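These notes concern the structure reproduced below.
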Amino acid sequence: MKIIAVLGSSGSGKSALAHRIAMEQNCKIFSLDSLSIYKYLDIASAKPTLLEQSQVCYYALNILEPHQKSNVMIFKDLLLQSIEDIKNNSPHTPLLIVGGSSFFLKSIMEGLSPMPPLEEHEEWVKSLGNISMQYAQLTQIDKTYAQSLSPTDTYRICKALALFKATNTPPSIYFATHKKESLGYDIEIFCLECERDELRERIAKRTKAMIQKGIVEEVQNVLEAYGAQAPALNAIGAKECVNFLQGKVATLQQLEEQIFFHTCQLAKRQRTFNRTQFAQITHLKEKALEAQLIQQIHNNIL
């Protein structure tokens with residue numbers, strides 16, 4: 001079974017490219033997007049339209065309620081379910097993994113240790129104070145593991161502390177006795193390259209379109225139903241709209257500027273991650289990438 005990942009910065013056009021190829025080459029798409037997995041935020045996530053979803057089979061869309069937490073294990077389980085579905089029903093159909101959440105893909109490919117539920121211990125972690133205080137606490141609990149992390153790596157520090165609270169075991173010992181489970185499938189990784197100025201222009205156009213399509217009203221509906229603490233509302237686009245609705249952002253123009261600025265920052269981080277964190281990845285511009293993807297799909301069929 002052929003599995004190809006198409007990564008790229010937010011706004012680079014990877015989703016449109018993948019959809020076009022999936023239609024032409026009879027592929028299915030797994031959405032590697034930390035916001036599209038949520039229901040009710042179609043505009044904020046730039047989710048495929050209902051028409052597009054009728055044209056191509058998409059996995060990992062509209063899975064979680066806005067109050068639920070997303071994590072890499074959920075994406076791994078969904079990916080395995082998608083692969084099994086294809087193997088059972090259309091084994092020669094290629095699967096395109098498409099999105100900007102490259103960290104999730106890297107973690108899935110490197111393997112994940114089985115983890116207990118950690119959500120109930122997050123308040124305890126927060127009670128320890130800011131990230132510096134949390135890191136100091138982790139150093140006391142497990143100096144070896146703490147030294148393997150950056151003192152500003154909020155995600156891993158909080159996860160390690162919650163794991164200790166859940167298991168009463170230092171993280172280094174826990175991970176040594178709970179080995180990583182690999183995905184078991186090869187994934188060829190490509191990244192859509194986009195020049196900086198072109199990307200900023202694309203992000204600006206997309207941000208303006210989101211405002212015009214009603215992202216504020218969409219977020220307001222979720223805010224009223226689930227509250228400002230809903231994890232889905234922490235995403236770029238949604239969180240700025242929450243601030244606007246709470247009077248912390250004065251005008252729609254300022255809202256648009258904030259979403260644009262934060263999306264550009266995200267795109268820069270994504271670009272750096274994609275360039276540095278994968279041992280094997282092919283970076284190509286759109287036309288070259290399209291030709292290469294089609295060639296890879298044809299090679300699989302022959």
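Just so it is clear, glycine is given a Cβ too, placed from its N, Cα and C backbone atoms.
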Inset, instruction - Quick one: sort out which of 33-36, 81-84, 273-276, 297-300 is the region 'Interaction with substrate tRNA' according to Swiss-Prot. - result: 33-36
Legend entry - SER101 (site 'Interaction with substrate tRNA') and SER10 (ATP binding site), Cα-Cα, nearest whole angstrom: 9
Legend entry - Listed binding-site residues among GLY8, SER9, GLY11, SER12, GLY13, SER15 whose Cα sits within 10 Å of SER101 (site 'Interaction with substrate tRNA'): GLY8, SER9
Inset, instruction - Report the DSSP secondary-structure composition of the region 'Interaction with substrate tRNA' (33-36) as helix, strand and coil residue counts. - result: 0 helix, 0 strand, 4 coil
